[in-house]
Amino acid sequence: MMELPLCGRGLILSLIFLLLKLSAAEIPLSVQQVPTIVKQSYVQVAFPFDEYFQIECEAKGNPEPIFSWTKDDKPFDLSDPRIIAANNSGTFKIPNEGHISHFQGKYRCFASNRLGTAVSEEIEFIVPGVPKFPKEKIEPIDVEEGDSIVLPCNPPKGLPPLHIYWMNIELEHIEQDERVYMSQRGDLYFANVEENDSRNDYCCFAAFPKLRTIVQKMPMKLTVNSSNSIKQRKPKLLLPPAQMGSLSAKTVLKGDTLLLECFAEGLPTPHIQWSKPGSELPEGRATIEVHEKTLKIENISYQDRGNYRCTANNLLGKASHDFHVTVEEPPRWKKKPQSAVYSTGSSGILLCEAEGEPQPTIKWRLNGLPIEKHPFPGDFMFPREISFTNLLPNHTGVYQCEASNIHGTILANANIDVIDVIPLIKTKNEENYATVVGYSAFLHCEYFASPKATVVWEVADETHPLEGDRYHTHENGTLEIYRTTEEDAGSYSCWVDNAMGKAVITANLDIRNATKLRVSPKNPRIPKSHVLELYCESQCDSHLKHSLKLSWSKDGEAFEMNGTEDGRIVIDGAYLTISNITAEDQGVYSCSAQTSLDSTSEKTQVTVLGVPDPPGNLHLSERQNRSVRLSWEAGDDHNSKISEYIVEFEGNREEPGKWEELTRVQGEETDVVLSLAPYVRYQFRVTAVNEVGRSHASLPSDHHETPPAAPDKNPQNIRVQASQPKEMIIKWEPLKSMEQNGPGLEYKVSWKPQGAPEEWEEEIVTNHTLRVMTPTVYAPYDVKVQAINQLGSSPDPQPVTLYSGEDYPSTAPVIQRVDVMNSTLVKVTWSSIPKETVHGLLRGYQINWWKTKSLLDGRTHPKEVNILRFSGQRNSGMVPSLDPFSEFHLTVLAYNSKGAGPESEPYIFQTPEGVPEQPSFLKVIKVDKDTATLSWGLPKKLNGNLTGYLLQYQIINDTYELGELNEINVTTPSKSSWHLSNLNSTTKYKFYLRACTSRGCGKPISEEGATLGEGSKGIRKITEGVNVTQKIHPVEVLVPGAEHIVHLMTKNWGDNDSIFQDVIETRGREYAGLYDDISTQGWFIGLMCAIALLTLILLTICFVKRNRGGKYSVKEKEDLHPDPEVQSAKDETFGEYSDSDEKPLKGSLRSLNRNMQPTESADSLVEYGEGDQSIFNEDGSFIGAYTGAKEKGSVESNGSSTATFPLRA
C-alpha cells in the first residue's frame, strides 16, 4: 500500500466520514453480505456443579456462514466426540463428564462465507482445580513474651475471589487489633505476643465462593513463654518486608481498587499512619481500614499516581516505607472501526484507535489473516486507518482491528460490503398511521440502497413532492409532518430512487382530535381539616377512549391509583379526594391524560388555609398612668391574610385569671396604644384573626400596673322598685371592678321632691340599693347616685326622675252606653276616672261580662266571667264572640301598675237573633229511580227562633262538575225529612241543607246520593251496626225468612264504603233441623277457616291502602269560612280578653260559602250521624244511613261513593 501526504488526508477523511454516514445501514439478509458475529461467550468457568459448559458463537450473513474454532491459536475440531456441536451454529457444549481440564484454554470463533470471515473476541475457558492445602506436619512454635511472630497461611491457588479466615477448632475467629493483623496473603502477624496468645489450634481457612469450597490448613501450636524482663523496642516494618528497602513499586489498573498494607513489630505496639508526600489523599475515595494497617483507594485514576507513605510510631521511635504507585490500563477503544456499505467505484476509510497504558499496538487483519497478505492497488494503510479508493466488489470482506498491550487484547470486526442494488424498502406497504391535531406525524419509509438513494414524499395521486417548512424527510426515509391539522389526513407515497432503480410504498395517515383536560375547582383555597375533591374532566377522541388513562400527581410525584394514607387520599378515576386536609397537602396538583397517540396535563394550585400562628414577642413601651404601647410580631398567616388582632387583658381583682377583650387592631398593624383604667395590674395577650378563624392566644406580656384615682363615671340604669304605697326602693347598676379606679368604693344617694326648694337628702351606702319612704303616693322625685372612693368622687351626676309607690285606683268608671253592633258584637262606652283617683300611672281599662240567660228558652246561665283589657287612656271598646239571642251583664274598671280599682254598676243588655248553626246531620235514607228521601237533625245552636230550612240540590258527575242549583224552602220548623221527586234516574246528586231564623240561614251541611236505574229497588236504612274485633260475630235480631244485606266496613272510613257485602236470608225454625249438625262437619270447619283467613287478608290490604291517604281535620276546613257577622267588625280595635280563668273565649268564627269545592263534601263521621246514636259505641262505627254502596269488592281512596246498587228487602 502507498502512503498519502498529510495535507490531503484531512479532505479525504471528511469525504469518507460523509460517505460512511450516508452508507452505513443495516443490510437486509436478502442481500448478499459478509458474516457478522451477533453473539459470543467471553469468560466461561467450568464449575463442578454444572451439567455442561456452553461456549457460544452465533453469526449472520448471506450466504449463510460456516463456523470454525481455534484453541490457543491452534485449530480446534468441532467434530470431537467429547463435545456437542449445534447445527448451523458455532456454539458447542462441553459435558461435565470425567476430566475436562484439557479443554482449558483461549478460544476464537471464525464465521465465514465466500465474501469474508468474521472473528470473535478471545473466549477463555477456565477449568479450576480443587484447591487443597498440602498435607504437612507443622512444628510447634515457641516464642518469648513480647517477641513478634508471623504464622504463615500459604493458601492454595483457586478461582478468585479468595477469602481467608483465621479461626480455632471451635470455628471462633481470631480477633484482630493493632497488635494482631492478617495480611492480604493470609499470614497472621503479631507485633508482640502475650501469654494469652498461646493456643494449639491456630487454623487458616481459605474460602472460594464461586467453587462453593472452604479448605483448612493443619492447626498450628503457638506457645508464649513468660518473661521477667520484657524489653521495649522501636518499630520495625514486617510489611512490606525489610528486604524491599524503604521504597517499593506497585502497579494498579485504572478503575480498580488500590490496596496498600503496612505492619510493624515493636513494643509498645506501633501505630500506623498513612500520607501522600506533597499531596493529600484522594478525598471521598481513600479509606484507612483494619486498624490503620491498610490504605484503600477506590476507582483509581491517573491522578492517583505517585508515592504513598506508611509510618509506624511508638514511644521509642518510628519506621516508614514509601510505595511508588503506577497506574496502567488495558486497551480500550477510542475509535472503533465501523461497518459500512459502499457502491462500486466509491471511496472509504476505516479508523481504529485504542488507548491504554502502555500504549496499545494496532494490527489489521482481513478475514482473520494479516492484511499484508491481501494488498489492493491504490489503497493506503496507516497505523490507525485504512483508506480505500475506487472500491471494487473484491474489497468486500471482514476487517479486524486488534489492539494489544501487556494487560490484554481487544478485537473489533468491521464489515466492508461493496454492493450495487436497487432500493429495497423495508417498511410495509399501506401502513396505517395516526396522530392528533397539533402533534407531529411520522410516516416511515425505511430502506436499503447502494449506491446512495434519494427519498421523495408525495401526496398520493399527486405528482409534486411535499414542500414547506412543516414537512421534513429524515435520513432514514421517515417523513415528519409538524403541527398537523385535520387537512393532513390522507394517503402519502414514498419514492426511493438511486442509479440502479426506484421503489415506492403508500402510507395512510388519520388525524384524531387532541385530548383536553379541565381540572375543577381551579386553584382552590381550602381550610385545614376540610375535604378537598378535585375533578378532572376529559374530552377525548372516540377512537382513543379505549386507551385513555388518567393519573394524578402532586408537585411532580405521582399518586398510587388505589389511594394512600389509609384511605385519606382516594383516587377514583377522574376524582381525587383528600379528607382531613393538612398543610402538607398544599401544592400543585396535576391531572394527566395518556392515550395511545397523545398526552396532556392540567394543573391546579391547592392552597391550604389555616388559622394564624399566635403573635410573638409581645413588648410594652411608652408606659403612662392611663396608657401603654403594646407591640408584637405577626405569626405565620397560613395563606389567609390576617384581618385583625384582638388585644385582651387580665387584671380584674375580683376575677383573677379572666381575660377580657380590650380592643381590636387592623391586620396590617403590629402595635397599638392602649387606654387603661387606674388601679389595675394589667397583663396583655394578642390573638390573630383571619378568614379561617382565630389563632391561639399569644404568651402573656409583662405586667403593667396603673396608680389609683377617683372614679371617672357614675352608676347607670338608676330605677325604682316599690311594693308598698309611698315606698321608693332605689336601685342601680354597680360599677365594675375595672371602673372603681381605687380602693374603698361607696355610693352617695341624693333625693328630693321634684320642683321643691328643699335641700337634698343624702345617704352613703356600700351596696347598690336603698329604701326610702315618702309622704305621698306616686310623687315624682329627683334622684342622683354618685360613686366615691378613697381618692375622691366621680363627676356630679345628672338627676333622674323616679316616682314613689302606687296605690289601687279609688273610683270606678261610669258606663254611658252599650251599642249592639250585631248578634255577637257590642261596643261599650264609659267615662274616664279622675286623675287624682288613679293613685299611680293609669295602665288602662278592663271590661268584665257574663251571660245570664238565653232568650230562646228563658233558662238562666251560670255566671262565667269573661275579661277583656284595653291599654292606655281610652273610653270605649268592642266585645266580640257573644252568643246571639241572649242576655248579658257588663262592668268596667280602671287599673294601674298596682292593680285594678272598683267595678262600675252592672250594665244589662241583650243580643238579637242570629243565624243558626248547620243541621246536626243530613242523610239520604231512601232513593228510587227518580225520588229520594232526606232526613236531618236540628242544629246544636239555633241562635234564635227557627223559621224553617233551605234545601238545595244539584247534579254532579264523576269529575265533580256541578249542575244547576235547585232550591226548596221548608217553612215548617219542626219538619225533619223531605221527599224529593222528579229526579233523573241513575244520576248522582249533591244535597245542601241550611237552618234559618228571621236573621237568615246558617251554614249548610251537604250529602251526596245517586238515584237508581230501571227495575232497581230502593236502599233501606241500616238498622244496626256493631263494632267487632273478632272474625265471627253472631247477630240474633234478624227476622226469620227475610233477606238482609250485610256490610263489612273499617271504622275509620268517612264515606261509608264497604269492603265486603253479601245478601243473606234468615231461616225459620222449621229449617233448623236440616243444619243442626253441620257445624260439626270437617269440611264446614275447613271452609270457615279459609273464609276467615281470606277476610283477614282483605282487611290488612284495605287498612294499608286507606292509611296511605293521610288524615285531615274537619275543623280546619270549617275555620276557612268565618262568620260574616263577625267579619264586618274587624275594623274595630279589640282588646286582650279572657274568662275568669284567663282562658280563651269559647266558640269559633264561621261563614257560609255557597261555592264550596266538591272535595268539601267528605266531612267527618259525626256529620253523618242521625239523631239516635245509642246503637253505636264511642268509636262512631257504623254511623248513620247509607246513600249507596260500592260495587262488590271495590275500594276507592278519594273519600266519596259514586256507584250504588239496590238492597233486597
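Every residue gets a Cβ built from N, Cα and C, even glycine.
Note on Swiss-Prot: of 12-16, 257-261, 932-936, 1182-1186, the range annotated with the feature motif 'FIG[AQ]Y' is 1182-1186. When Swiss-Prot is consulted, the disulfide partner of Cys591, picked from Cys536, Cys540, turns out to be Cys536. Checking Ser854, Ser886, Ser1161 against Swiss-Prot, you find phosphoserine recorded for Ser1161.
For the residues Asn299, Asn513, Asn625, the entry in Swiss-Prot flags N-linked glycosylation site at a single position: Asn299. When you check Swiss-Prot, the disulphide partner of Cys310 from the set Cys262, Cys401 turns out to be Cys262. Looking only at Cα atoms, Cys109 (disulfide bond) sits nearest to Cys445 among the disulfide-bonded residues Cys153, Cys204, Cys262, Cys445, Cys494. Helix, strand and coil content of the domain 'Fibronectin type-III 3' (812-914), in residues and according to DSSP, is 3 helix, 56 strand, 44 coil. Taking the domain 'Fibronectin type-III 4' (918-1015) as a whole, pLDDT averages 91 in the prediction. If you measure from the Cα atom of Cys494 (disulfide bond) to that of Cys536 (disulfide bond), you get 42 Å. Between the alpha carbons (Cα) of Cys57 (disulfide bond) and Cys153 (disulfide bond) lies a span of roughly 42 Å.
Note: the CA-CA distance between Cys204 (disulfide bond) and Cys262 (disulfide bond) rounds to 21 Å.
Under DSSP, Cys310 (disulfide bond) is assigned to a strand (E or B) in the three-state scheme. DSSP labels the residues of the domain 'Fibronectin type-III 4' (918-1015) in these numbers: 0 helix, 50 strand, 48 coil. Listed in sequence order, the residues of the same chain lying 6 or more apart from Cys153 (disulfide bond) and placing their CB within less than 8 Å of its CB are Ile164, Trp166, Arg185, Gly186, Asp187, Leu188, Cys204, Ala206, Lys217. Of all the disulfide-bonded residues listed here (Cys262, Cys310, Cys352, Cys401, Cys445), Cys445 has the Cα closest to the Cα of Cys536 (disulfide bond).
Cys445 (disulfide bond) falls outside any helix or strand according to DSSP and counts as coil. Note on proximity: of the disulfide-bonded residues Cys310, Cys445, Cys591, the one nearest Cys401 (disulfide bond) is Cys445, by Cα distance.
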